[in-house]
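Annotated Zn(2+) 1 binding site per TrEMBL: CYS174, CYS176, HIS198, CYS201, in sequence order. Per TrEMBL, Zn(2+) 2 binding site is recorded for CYS187, CYS192, CYS214, CYS217. Residues annotated as domain 'PHD-type' in TrEMBL: 171-220. As annotated by TrEMBL, region 'Disordered' applies to 118-150. Annotation source TrEMBL lists site 'Histone H3K4me3 binding' at TYR173, MET184, ASP188, TRP196.
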Amino acid sequence: MSTYLEKYLESIANLPHEVKRNFALMQDLDQQTQGTMDKLEQSSRAYLKRKAKDASVADDRALQKIRDDFKRAMETGDEKIELAAQTYELVRSAFDYVDKHIRRLDADLKKFEAELEQQETKGKGKGTKASKHKENGKGQKKSVRASELPPDAAPRLFNVDIDMPIDPNEPTYCICNRVSFGEMVGCDNPDCRVEWFHFECVGLTSPPKGKWYCNECSVVRKKQGIIKK
């Protein structure tokens, strides 16, 4: 990025000097043209004054000088116009060059932002997946299914302080679509759509013994004949 910027700045570094030089030259040409036009006006007035006194007087040298001054003024004017056109092209080219690099830089920035957003999305996806199975740290839980608890073992309870600030990126669970809190139980159907449930949302007051299935999975299992009537 630094090399790219350095090349860009180097390419336009001389632009102000070139434009300033061209304007100085145009000012000089303008002064020359004005001086020539003043002389031309004086010569013309003098020539016409002499001709007015005596029309037969031939002053070829004075007439030739008038023609030369007029030609010189025209040439200086043409040179000034050419220099002005050159300056315009110089500024226009510089503008196009700057616009081109701005568009290129804008495209590079958008590409960088897209890549950064993609990386953040991947990172969030991994974090959500990991947190759904194992969460470590203060105030977090390590979840187990009811079937993984020994029959006589005391239930593992998960308590979350409800006054803790809610992380907007924290995954949600249960049919209530809320974050994890209190005691939770996992459905033993590996294809369960929800997987984890709050005790209070499924009417549990203590960990169930053996395997446990949510209402939705229980209905599906009954339809498939897995659970005997």
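Glycine residues also receive a Cβ, built from the backbone N, Cα and C atoms like all the rest.
Where TrEMBL records a feature, it is marked here on the structure.
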residue: TYR173; record: site 'Histone H3K4me3 binding'; contacts (Cβ under 8 Å, 6+ apart): VAL179, SER180, MET184, VAL194, GLU195, TRP196, PHE197, HIS198
residue: CYS174; record: Zn(2+) 1 binding site; contacts (Cβ under 8 Å, 6+ apart): MET184, VAL194, TRP196, PHE197, HIS198, CYS201
residue: CYS176; record: Zn(2+) 1 binding site; contacts (Cβ under 8 Å, 6+ apart): HIS198, CYS201
residue: CYS192; record: Zn(2+) 2 binding site; contacts (Cβ under 8 Å, 6+ apart): TYR213, CYS214, GLU216, CYS217
### Query
Around CYS214 (Zn(2+) 2 binding site), how many other CB atoms lie within 10 A of its CB?
23
### Protein Cβ atoms within 10 Å of CYS201 (Zn(2+) 1 binding site), excluding its own
17
### Task
Summarise the domain 'PHD-type' (171-220) by DSSP state, stating how many residues are helix, strand and coil.
9 helix, 8 strand, 33 coil
## Note on the structure
Surrounding the recorded Zn(2+) 2 site, with Cβ no more than 8 Å from the Cβ centroid of CYS187, CYS192, CYS214, CYS217 and those residues left out, we find ASP188, ASN189, ARG193, VAL194, GLU195, PHE197, TYR213, GLU216, SER218
### Query
Of all the recorded sites here, MET184, ASP188, TRP196, which one's CB has the most other CB atoms within 10 A?
MET184
### Query
When you tally the Cβ atoms that lie within 10 Å of each candidate's Cβ, which of the binding-site residues (CYS187, CYS217) has the highest tally?
CYS187
### Task
For the recorded Zn(2+) 1 site, enumerate neighbouring residues of the same chain (Cβ within 8 Å of the Cβ centroid of CYS174, CYS176, HIS198, CYS201, site residues themselves excluded), in sequence order.
TYR173, ILE175, ARG178, PHE197, GLU200, VAL202
### Message
I'd like the number of other C-beta atoms within 10 A of the C-beta of HIS198 (Zn(2+) 1 binding site), please.
### Response
20
